[in-house]
Structure formats: C-alpha cells, structure tokens
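What TrEMBL says about this protein:
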- LYS36: active site, proton acceptor (ACT_SITE)
- TYR265: active site, proton acceptor (ACT_SITE)
- ARG134, MET313: substrate binding site (BINDING)
- 244-371: domain 'Alanine racemase C-terminal' (DOMAIN)
- LYS36: N6-(pyridoxal phosphate)lysine (MOD_RES)
Amino acid sequence: MTERPFREALIDLDAVTANVRTLAERLGTPAMAVVKADAYGHGAVPVARAALAGGAAWLGTADLGEAFELRAAGIDAPILAWLHDPGADFGPAIDAGIDLGLSAEAQLHRAADAARTAGRPAAVHLKIDTGLRRNGVQPDEWAGAVAAAAQLERAGLVRIRGIFSHLANTSAEADAAQLAAFERALAVAAEAGLRPELRHIASTAGALTRPEARYDLVRLGIACYGIPPFADGTTSAELGLVPVMTLRGRVAAVRRIAAGDGVSYGHTWRAERPTKLALVPLGYADGIPRQASGRGEVLLAGARRPVVGRIAMDQFLVDVGDDAVEVGDEVVLFGDPATGAPSADDWGVAADTIGYEIVTRIGPRVPRGYLGGA
Ligand SMILES: *Cc1c(COP(=O)(O)O)cnc(C)c1O
C-alpha cells in the first residue's frame with residue numbers, strides 16, 4: 001500500500017542534497033537554497049535540511065512566517081526573508097536571528113525601532129531595484145537610503161550585512177544593464193561608508209549563465225528542485241540535476257469505450273476508434289492545470305499516455321488503447337524524464353506555464369512522501 005499510494009508527491013531528499021552539492025561545486029560561490037512557498041511545494045523543513053546537507057550556506061524565504069517555520073523546526077542556519085507585510089513587527093525576526101531583506105528606507109527605520117527594543121542590531125540586506133521593478137529601493141532614493149543605513153549602523157541599530165537585487169532574465173543586454181546598475185549602487189553604498197560582506201543578485205538562471213553575476217552568494221531556488229530555470233527545452237540531465245518531485249497515483253478505474261463516444265465534461269474529445277480509458281485520481285484541486293486538458297501526458301504501463309477530454313477537479317482520463325492497464329496500476333504524472341516520465345516542464349508546456357508553477361501549485365490533498373534525507 002505505502003509503495004503505491006492513491007495520490008502522492010514523492011520527494012527525493014537525496015536529490016536535493018546532490019543538486020545543491022553539484023551547483024555549489026560548479027558555481028564556486030556560496031549558495032543560498034531558496035525554500036519559499038513550502039520549498040516550491042516540496043516541504044520546507046525537510047528540503048532545508050537536505051539542502052544544508054549538500055552545502056547550502058544560507059536559506060532564503062519570501063515571508064518571515066516561512067523563516068519562523070524553519071527556526072521552529074530547530075534549523076539554525078543563516079536565513080534571509082525579503083517580502084514583508086507592511087505592518088510586520090521585525091522584533092521577533094531579530095530575536096530569532098533572521099536576516100531582513102529590506103526594500104525601503106521606512107523599513108530600515110522600523111527595523112531600527114525593533115532593534116532598540118530587542119537590544120541587538122537588525123541584520124539587514126538592503127535591496128536595490130536594478131530594473132525588475134517589483135521591490136527594492138528605487139535608484140533615485142538609494143543615496144538617501146544608504147545614508148540612513150550608515151547612520152543607523154553607526155548607532156548600533158542595524159548591521160548592513162548584504163546588498164542585493166534580482167535580475168529580470170530578459171536578455172543578455174538587459175542583465176548587463178542591471179549588473180551595471182548594481183555596481184553603481186554598490187559604489188554609492190561604499191561612499192556612504194557601508195561595507196556589506198554579501199553582495200548578491202543572481203537566482204538560478206543568472207548564476208548558471210553569468211559568472212560575473214555570482215558575487216558573494218547565489219540564491220538558488222528551482223535548480224535545488226532539479227528543474228531547469230530556462231524555458232528553452234534545456235533538460236535537468238543537461239544541467240547535471242535530478243528532479244526531486246515525482247507526482248504519482250494509482251489508476252482508479254478502467255473502461256472500454258466505442259468509436260464516437262465523448263469523454264469527460266463537455267465531451268471535448270471523442271474516441272476515433274474503440275479504445276480503453278484509465279482514470280487518474282488527480283485534478284485541478286490537486287494543482288493539475290485544467291489548461292493542460294487534451295495536452296498533458298502521463299507515464300502508465302511503460303508508455304506515455306495522452307490526457308483526453310477535460311481535466312476535472314479530482315480526476316482526468318488518459319487513453320491507453322488496447323494495452324494491459326489495470327485498476328491499481330501506478331501512474332506517474334511527472335518525475336525524472338530518465339525514467340520515461342514526463343517532466344514538470346512538459347506539463348508547463350502543456351499548460352502554457354513553467355515547471356516552477358507546476359510543482360509549486362500541487363495542492364494539500366496530495367500527501368508528500370519522503371525518500372532519503374539524513
Ligand atoms: C524566488 C527567488 C529566488 C530563486 O529563484 P529561482 O529562479 O527559483 O532560482 C531568488 N531570489 C529571490 C529574491 C526570489 O524571490
């Protein structure tokens with residue numbers, strides 16, 4: 001039973017460790033494993049431990065709540081969190097030794113206020129917007145922000161440990177322009193007297209393709225999970241990475257249908273010949289994109305089988321022809337292509353999205369099972 005669950009996202013923790021080790025060695029730069037969004041749907045705490053075992057020097061989260069979850073599990077590695085509720089109280093983060101990625105001078109003053117109460121300085125990585133235009137201090141406010149930071153640092157209320165930014169991955173030229181803007185921001189910060197030990201701008205794509213973007217730390221998310229960051233068909237294997245998540249289930253029903261029979265809601269697909277259908281017990285409630293109706297594929301009984309008709313909330317159908325397929329057979333929606341399974345990126349293509357979204361959106365009804373790990 002446990003070997004063939006009804007629905008399961010099986011997480012190979014040894015693959016996380018191996019991916020981080022491979023990347024850290026290849027890039028020659030300390031790595032932050034980004035475990036935001038429950039480690040892209042893989043489970044934050046076990047993935048964080050596996051990434052640290054592979055040599056990750058830092059952990060990264062978006063929200064503070066995600067960082068607290070790691071601390072509550074006893075993980076004491078350096079953590080940076082960078083996306084904050086406008087009303088967030090930074091005191092508990094300072095107490096928990098969580099570094100704050102800050103994007104505005106007002107946030108610096110709030111961190112300083114919290115530090116006064118906490119009785120120790122807030123460890124800050126100050127973010128400059130070099131062109132992604134999500135958050136980060138805007139270039140025309142940067143001189144003022146670094147002056148304020150330097151003053152708060154002299155007062156012992158903040159420690160500017162890092163300066164960082166984020167690339168838009170638009171083109172080589174646009175990345176180069178962002179790196180030039182980052183250099184200017186670093187120079188302005190140095191003039192203001194800041195001496196950050198960690199300058200960082202690259203996530204997976206930039207770290208893999210632009211050595212000059214690696215600086216003192218690379219923030220690796222998707223590569224830790226064994227999924228390529230590029231939308232150009234590059235495979236995991238070509239990058240030396242192993243996909244971490246295998247999404248699988250068991251065939252819940254099998255039926256024969258006649259030529260001309262319509263299938264699933266709206267009968268958007270009709271059989272051209274007599275055939276056999278297998279029912280897969282995962283649907284859009286589990287994160288299987290309805291957009292991939294009639295386009296996705298699964299691995300079942302040794303072959304790739306096409307999704308036919310609409311993907312419903314809990315289930316969808318695949319056409320298995322005349323092949324021997326039984327109720328209870330294992331069906332793999334995606335996993336390591338080396339096993340013959342589709343990749344998360346294949347589902348991304350089928351749903352007009354990216355592998356990142358496919359793994360991250362797997363819903364709570366799908367239990368996570370874990371392989372390996374310490
Ligand atoms: C999500 C995120 C990353 C990781 O990006 P990948 O493309 O998954 O490597 C890095 N830095 C920041 C600021 C992020 O939000």
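Glycine too: its Cβ is placed from the backbone N, Cα and C atoms.
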The correct DSSP tally for the domain 'Alanine racemase C-terminal' (244-371) reads 25 helix, 44 strand, 59 coil
Here the recorded positions are LYS36, ARG134, MET313, and the Cα closest to that of TYR265 (active site, proton acceptor) is found at MET313
What DSSP gives for LYS36 (active site, proton acceptor), in three states, is helix
One should report the C-alpha separation between MET313 (substrate binding site) and LYS36 (active site, proton acceptor), rounded to whole angstrom, as 26
LYS36 (active site, proton acceptor) to ARG134 (substrate binding site), Cα to Cα, whole Å, comes out at 17
Excluding its own, the Cβ atoms lying within 10 Å of the Cβ of ARG134 (substrate binding site) add up to 10
Its Cβ having more other Cβ atoms within 10 Å than any other among the recorded positions LYS36, TYR265, MET313, the winner is LYS36
Under a three-state DSSP reduction, the secondary structure at ARG134 (substrate binding site) is coil
Taken over the domain 'Alanine racemase C-terminal' (244-371), the predicted model's pLDDT averages 98
